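Shown next, in structure tokens, is the structure this report addresses.
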């Protein structure tokens, strides 16, 4: 039967946002997401490329059947519950944390980048549709019914797997293995699971309540989470290997890089990790209702221009300080998500480009009062990572600041590799893995920032999923040979 | 969730908690610490297991009531209650070697951190003298230390009600430095070790330095996670920035940038005072 040529709607259905003046005074979520009617309208824009071809699926690191879940929404326009349940089933096949990924993925570089609709207009708003499905399902009690379908019911008979770290890589690996019928135990050093999702990404991008519910779902699938466990200290990797059939290391890149310049130990110079941990994990913005304090002044400089820098800048702004982001390259070189840069600008964050800090200047009490920068100039060359090369001009500027947040990057924490000496690492501390994500120790797999250095949530999730398959193959092969 | 098996006040502003925490008890070594979070809206604070039983799975923490969190613990936690989170063991164990004759100093409640280290050093064949300088009503673990090391000296300093708190603390510093000077003059030591406020550590170090005796210190900068992911506890040691939680907490006193450390430990004094006031207000308000 001949199909009517699809009518192209070039522009996206917008999602409402909390007005700037209201949101800069609180940590409420900025983007409010779609309701069913608007989600349906956006879903109608999808031209339904066949799954074996659909470029959006290829662009997604966990290969969600995107046209499939969008079609499920469209198939039941008069029954939202049914539509969402069917869409969620499609998503969960590949991704157990859609409320998280729908919010924090850089879709413009992933699924939405190759979307065919993007060639003639705006790409389908895949992230917001994914988020809508997850949010609607959670609010309307649709998840519980669906969870039962995914539990498999073989009670962990296939084997036991230890997952180290409860960030995006570990949570995904655990979820995939649980769906396959493994008994999974996650070991987490902090007092709440989620890794960067709980301590790094602020409430205004990812409400913690939503994250907690996503993680609770994994518990429903039978995943056990042991908190306060520092693998390498509380328990060794060797001990884990005695008790479990395989281990997945998803310990991330949580050690902040510091600038090796004078004044780094002055008061009110934070690493972004400390600043964000105090705010997100410890809720220092609610001090003294919460016990954790945070000391902040009137003028804050954030050094760096990645997502962490945007999160730190926008959080600082909400504590009532003026904020300037200082970056050694230019506007077009910033690595943060476009949406976050836009939000930061709307909220009043200022930017200084082509400035490289050379010294922190303190007052008589040991508090920072200014930062001295060298002005930089771009060259017409790129470095090995594809970034524009820059050189110093020999000219300097000094900017006043009574708070400084350093967000120049992170590297892997070495606690586990220092303890487990058989675990091979690269010079930057990342773990060496083969094409199946297996480390130098048989049965020990790794993924996410622990092998990549600082990357993205969704790449970590992709690794978690790939490792889960490899772990499954490894355990089943071992059992067959036993 | 970790059950409090015992809770008692063992001296003025010093509370003893025996807590069920088998994951820590089975692994902890002298010199290591834990991070605890006692309340849902609470902060994470570093504490040191003083004693432990690997088989029965308990650890003992002795906590000095210093600010809001420690006061809340003293006021609100009862035997049978649970501490929400105890993460650990963290940090590096102190080296277990034969140093010879050791003077291990604990200023105030710092002596509780000296206890497991001094005991283990003694058991290994060192000749350990422990010294506790503190206010008279705050002497703790006297008998335990007397039973564990060659010699335990207590130097109680009376609290002078006519003086303010900083002045009283200066008396402790004075007694500390005088006593250490006296001891080093009279007898030779192969190693001095000290736990106490950074200001007192520096004061004692200045004395020890004169005698050229090696000295180790347990440092107590502000900590948040205790696992090396934030750098709140950074200190300059030997010209390099180190994180006390993963590189320490024990360092060579001769390598520490003392002024910086002392300045950093006072960063939150105003907010700490505010937190304490709010809590006191809430306590008083609750009764009216």
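Backbone N, Cα and C define each Cβ position, glycine as well.
Here TrEMBL flags B:230, B:233, B:245 as [2Fe-2S] cluster binding site. In three-state terms derived from DSSP, residue B:230 ([2Fe-2S] cluster binding site) belongs to neither a helical nor a strand segment and is classed as coil.
Under the heading domain 'FAD-binding FR-type', TrEMBL lists B:1-96. Averaged across the domain 'FAD-binding FR-type' (B:1-96), pLDDT in this predicted model comes to 94.
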With every protein chain in view, how many other Cβ atoms are within 10 Å of the Cβ of residue B:245 ([2Fe-2S] cluster binding site)?
28
Could you give me the DSSP helix, strand and coil counts for the domain 'FAD-binding FR-type' (B:1-96)?
13 helix, 45 strand, 38 coil
Quick check: in three-state DSSP terms, what is residue B:245 ([2Fe-2S] cluster binding site)?
helix
